[in-house]
């Protein structure tokens with residue numbers, strides 16, 4: 001992403017490597033060893049081990065988060081009321097228009113704020129917590145799943161993911177080479193597009209000793225694709241005639257970042273959103289294995305740190321990269337499956353999940369800076385677009401083949 005673009009009053013602009021932010025007020029420096037994506041500062045230090053891709057908690061003072069969290073709530077609630085207002089207006093005027101879900105309203109409102117007046121720095125710490133709310137929502141969503149269903153669908157989606165990942169990853173690396181991108185940038189784009197978006201890119205950065213510039217380009221490209229997926233895949237799903245279950249599988253297999261995957265699924269329907277979250281969580285669980293594979297490849301070429309020999313060392317590497325919120329999702333599901341939750345408690349957890357996702361969707365919009373993404377070099381973006389097209393096409397073919405030909409995981 002090289003340099004970054006700021007917006008509005010005091011919008012954040014930064015360089016890689018601790019460059020000085022070009023703001024109206026001037027003088028603020030981005031943290032050393034970080035890049036700026038949208039309105040978020042992402043640590044890409046070589047010793048990065050956290051499974052999250054962005055600095056979710058950027059301040060040690062709790063009150064710093066209050067303005068941004070209130071903004072997330074405000075945008076989310078406004079999106080909900082916008083849906084109600086739109087439906088009432090359409091009914092009153094006798095318009096034949098689709099029901100626009102609150103998910104899209106919240107994202108669009110956030111996009112408009114960030115890309116017009118801009119996001120004031122006072123809101124930034126709280127807005128960046130949207131990834132936390134996403135993970136909290138996924139954990140709470142575990143109460144809606146029975147472990148048997150998770151095992152069945154997870155096993156099916158694992159096969160789909162492995163086939164999709166192998167085909168798409170190979171094509172993306174080949175296309176990146178054809179466009180003259182560095183081998184490691186091609187690896188980052190393949191990892192981000194086929195597994196888990198920004199989280200996977202940051203997890204791989206230190207493991208393969210990728211340059212900060214390569215990480216910046218890959219992150220910007222993935223963020224751009226996430227925004228595109230939100231607006232392209234749901235209409236395509238309706239045009240193709242996908243069931244809620246099929247679309248949830250497709251979104252979970254093809255959309256990169258977990259937040260955008262969740263939003264894309266829920267834009268189609270609540271059931272599609274639940275399936276998308278489950279499939280995406282299965283993809284997330286593979287981060288450690290994929291990063292380990294690329295690390296061993298580059299280490300064999302003398303261009304990455306050696307991974308200590310032995311099964312124990314490799315298991316420790318995989319655990320360090322494993323997204324822990326997936327375990328929380330499974331634990332809550334196990335508790336619900338065992339019958340230890342009353343109907344009231346299950347309903348409360350469902351409400352917690354919905355509210356957490358509402359804040360997440362608002363954060364997706366507020367964290368998408370279109371002008372900054374546009375400043376990314378065209379080649380990584382083109383490769384990423386080709387990658388998204390390949391992943392979406394291959395995954396759609398896999399979903400249709402497994403559901404309509406083989407009848408795997410078909411639900412009524």
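Using N, Cα and C of the backbone, Cβ positions are placed for all residues, glycine too.
Lifted from Swiss-Prot, the feature list:
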type     : residues : note
REGION   : 14-34    : region 'Disordered'
TRANSMEM : 67-89    : transmembrane segment
TRANSMEM : 102-124  : transmembrane segment
TRANSMEM : 128-147  : transmembrane segment
TRANSMEM : 154-176  : transmembrane segment
TRANSMEM : 186-208  : transmembrane segment
TRANSMEM : 215-237  : transmembrane segment
TRANSMEM : 275-297  : transmembrane segment
TRANSMEM : 317-339  : transmembrane segment
TRANSMEM : 349-368  : transmembrane segment
TRANSMEM : 381-403  : transmembrane segment
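Counting Cβ pairs under 8 Å that are 6 or more residues apart, the transmembrane segment (381-403) and the transmembrane segment (275-297) reach fewer than 3 and are not in contact.
Tallying C-beta pairs under 8 angstroms between the transmembrane segment (317-339) and each of 102-124, 128-147, 154-176, 349-368 places 128-147 first. Here the transmembrane segment (215-237) has long-range neighbours at 1-2, 16, 35, 37-38, 42, 44, 53, 104, 107, 185, 188-189, 192-193, 197-198, 201-202, 205, 246-247, 250-251, 254-257, 259-260, 263-264, 267-268, 364, 368, 370, 372-373, 376-377, 380-381, 383-385, 387-388, 392, meaning same-chain residues at least 6 beyond its ends whose C-beta is under 8 angstroms from one of its own. Scored on C-beta pairs under 8 angstroms, the neighbour of the transmembrane segment (102-124) with the top count among 67-89, 186-208, 275-297, 349-368 is 349-368.
Residues 39-40, 52-58, 65, 68-69, 72, 258-259, 262, 274, 277-278, 281, 325-326, 328-337, 341, 345-346, 349-350, 352-357, 359-360, 362-364, 366-367 of the same chain lie 6 or more positions beyond the ends of the transmembrane segment (128-147) yet place their CB under 8 Å from a CB of it. Within the chain, the transmembrane segment (67-89) has long-range Cβ neighbours (under 8 A, six or more residues past its boundaries) at 95, 97, 99-110, 113, 122-130, 133, 355, 358-359, 361-363, 365-366.
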